[in-house]
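Structure first, then comments.
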Amino acid sequence: MKFTVNPASQRCPRLGRLEAFIDKPEYSLETPLVLLHTQGGQIPHVTHEVLKLITEDPQILQIPLVSMHCYHEAIRLYNGRVSEFVGNKDCLTCITVHDPSNITKQGHHMKDKVPIFTRNGKVLYDSKMYMSMIEQFKPDMYILLSDGDTNISSPNKRIAKAVESTVSLTEQCIEIHKESEVLKETFVIAPVAGGYCLKSRQKCIDLMQKNNSYIQGYLIDGLHNNGSEVEFISFAEVKPVVDLVVQNLSPNKLVAVQGCWSPLNIIKLVKSGVDLYDTSYCRILTERSAAIIFAMEPQEHSEAYEINLRQPKYAEDFQPLLRGCNCVACQGYSRGYIHHLLTVQELLGSVLIMIHNIYYMLRFFRKIRDCIKNGNLDDLEDKVATQFKLLQLDTDKDMQVVNGSVDT
Amino acid sequence: MSDPKKPLIFELVGKCTTTKARVGKMILPHGPVDTPVFMPVGTQGTLKGMLPEQLKSMGLQIMLANTYHLGTRPGIDVLRKAGGLHKFMNWDNNLLTDSGGFQMVSLLKLAEITEEGVKFQSLNEQKNEVMLTPEHSIEIQNTIGADIIMQLDDVVKTTIPDKARIEESVHRTTRWLDRCIKVHKNPQTQNIFPIVQGTLYEDLRRKSIADHVQRGVNGFAIGGLSGGESKDDFWKIVHLCTDLLPNNKPIYLMGVGFAEDLVVCCALGVDMFDCVFPTRTARFGCALLMTGQINLKKNTYANDMNPIDKDCSCNTCKKYTRAYLHGIVTDLPVACHLLTEHNVAFQLRLMRTIRENILNGTFVEFVQNFMSKIYPDKNYPSWIRDSLDAVHITLL
Ligand SMILES: [Zn+2]
Ligand SMILES: [Zn+2]
């Protein structure tokens with residue numbers, strides 16, 4: 001598996017391509033690309049069967065180790081690839097350590113060990129244990145074990161520790177990777193730690209240089225502790241970090257971020273040169289019963305940025321979530337029906353919203369790539385930014401209604 | 001269709017020469033239904049996270065929805081504006097709705113039955129008293145628009161021995177049937193089925209059937225069973241009813257859906273069944289097998305690399321091991337979808353197998369083998385032995 005940058009591209013934004021997968025030579029995926037976030041290999045609310053109704057294009061499943069730890073024995077006996085184990089051998093896979101849609105607990109650090117908070121409690125992973133799992137999973141790509149436990153308010157001491165551990169863990173993992181026969185073709189993404197301290201980021205990159213030839217991509221780790229808060233991170237705060245990392249890496253390396261970044265920030269990250277994202281934002285939206293419907297095309301009329309299907313005003317609204325959308329949910333089901341399903345707590349409500357959100361996110365990334373090709377990504381950014389401002393106004397208004405004295 | 005005014009055409013396609021089992025084709029306004037049929041229950045206008053697209057590709061021809069629930073939420077106004085439940089839920093195969101009466105009597109402690117209808121305390125905030133009359137039940141069911149609708153009946157628990165009360169319920173059920181038929185607005189697109197009452201009293205069942213068959217309906221339901229009575233009593237009543245009901249119309253046994261019950265009742269001549277069990281049990285990690293059920297939550301499956309059922313061709317069995325499912329059941333909502341798919345596929349496969357064996361003339365052997373797999377030690381329950389004996393099947 002390899003990553004190539006479109007030679008005609010400038011450094012940022014840029015177009016690239018992931019291809020030459022071990023048993024899927026016909027697949028070729030364009031970047032900027034969004035991984036399908038899963039838990040235990042399942043997209044939340046959407047089975048692989050339903051995924052086929054959303055898209056037939058090749059996709060990469062993002063599978064967090066934390067959601068797979070319970071299979072550490074079974075996967076050994078299974079002796080197949082993780083894609084098949086989780087029920088979708090047509091998909092490619094990328095193993096990550098944490099689940100970007102859930103807040104990762106802070107603290108609990110130990111030398112050369114990373115705490116993973118599974119549903120049955122804390123498990124400490126060292127590089128050996130981690131790499132043994134990776135060898136059992138046989139994914140197409142994976143992120144090396146790291147200490148990503150930093151955010152905007154992390155003190156310098158924590159940042160220094162994170163850099164030190166991450167460098168040490170990645171070295172240990174790469175040593176095992178080099179020796180591994182099954183991982184010979186597997187794509188390695190190394191985490192860059194260092195929180196919001198530019199010096200530390202630089203240091204981390206420098207220390208990893210000696211292994212650069214074994215690393216095909218870098219993850220800008222330690223920007224946040226995952227979960228829904230990522231949506232509200234201000235881009236101005238992360239920009240210096242992203243710029244520094246992107247400028248200091250060899251241009252032929254894939255650059256990834258993780259987490260529920262808002263679509264507007266995704267555009268900004270693309271403009272800064274980030275190639276790889278995930279759909280954890282779709283889960284965050286769906287859990288709050290929201291469907292994204294912002295307009296992307298210049299001539300498209302925008303009704304809203306997102307709509308919340310729990311609101312009583314949708315009870316008798318028999319339009320689809322988004323008129324003109326070709327997803328399965330919008331083709332056959334109304335806002336009123338989805339509102340009903342949510343009201344009576346039926347599973348299909350979230351299924352339908354998630355179908356639309358995933359479909360829409362994939363469409364959004366296609367649009368981003370088209371805009372890069374056509375050189376008009378700024379127009380898309382303006383269009384999305386205007387609608388995002390309206391959402392914030394709406395949210396403020398809703399807050400006033402909630403806080404004010406409204407008789408019920 | 002030859003008679004556009006008739007919303008139900010029932011053709012017998014084949015009959016078992018030993019038992020009363022039969023295969024039919026029932027043509028309803030939303031397509032054909034092969035009988036004997038099991039109808040899964042989509043209480044609130046949806047079936048446990050499954051998309052109608054998936055259910056159709058599995059070959060599901062009819063499902064059930066509950067009038068009481070739908071009348072409460074989304075309510076009759078929304079359903080009317082949506083153009084009926086088929087449109088609302090994007091399901092263009094057949095639907096059947098119950099009358100709502102059974103739900104009330106079983107869900108609401110305070111339900112009280114009078115000649116006018118079922119009186120109960122509403123679940124809404126005002127807790128005001130509401131009356132579900134036969135007329136109101138049909139009004140809601142006309143709005144929902146199911147292909148088969150049920151009369152409101154006077155439900156009495158089978159375990160109540162008060163014969164006078166049961167006799168009253170038989171007569172009242174027939175009076176309510178007439179009220180239902182009178183106000184039924186869509187006789188050309190919706191079939192109203194009467195419900196045979198009389199609990200475990202043969203003479204009352206006879207009376208109920210004698211009254212109902214005079215009403216010119218397109219099919220019949222047997223009610224007042226599977227409410228806690230003994231299986232030895234249960235099968236005799238089913239046997240009696242299928243003997244007495246006209247054999248050119250479909251017979252629907254309400255609330256029955258366990259595999260062995262389905263096999264026995266098909267042998268007794270029943271054509272339609274429904275039960276919440278196969279879909280409800282999926283949520284708790286239970287998967288159905290021809291030999292019983294397994295709970296995938298159990299640690300014995302943690303390293304089991306077999307599918308749930310190697311003979312099942314559902315997507316879940318094609319793609320997942322028990323070990324994998326063990327790790328996600330009752331934890332991820334998708335696991336419930338995956339088990340529901342298997343359990344619905346199981347029920348459909350069982351009914352298809354029954355139909356094929358009836359048509360091939362191998363139904364007796366099928367029943368014998370089926371039962372001997374469930375009871376390999378031949379310790380058959382008396383009701384299974386006796387009921388099958390009554391239709392000339394001797395277990396191996
Ligand atoms: Zn859509
Ligand atoms: Zn199956």
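Keep in mind that glycine also has a Cβ here, set from the backbone N, Cα and C atoms.
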Residue among A:His224, A:His301, A:His356 sharing the Zn(2+) site, where TrEMBL lists A:Cys325, A:Cys327, A:Cys330 as binders:
A:His356
CB neighbours of A:Cys327 (Zn(2+) binding site) within 10 A?
23
For A:Cys325 (Zn(2+) binding site), nearby residues of its own chain (Cβ under 8 Å, 6 or more apart in sequence):
A:Ile293, A:His356, A:Tyr359, A:Tyr360
Here the binding-site residues are A:Cys330, A:His356; which one has the lowest number of other Cβ atoms no more than 10 Å from its Cβ?
A:Cys330
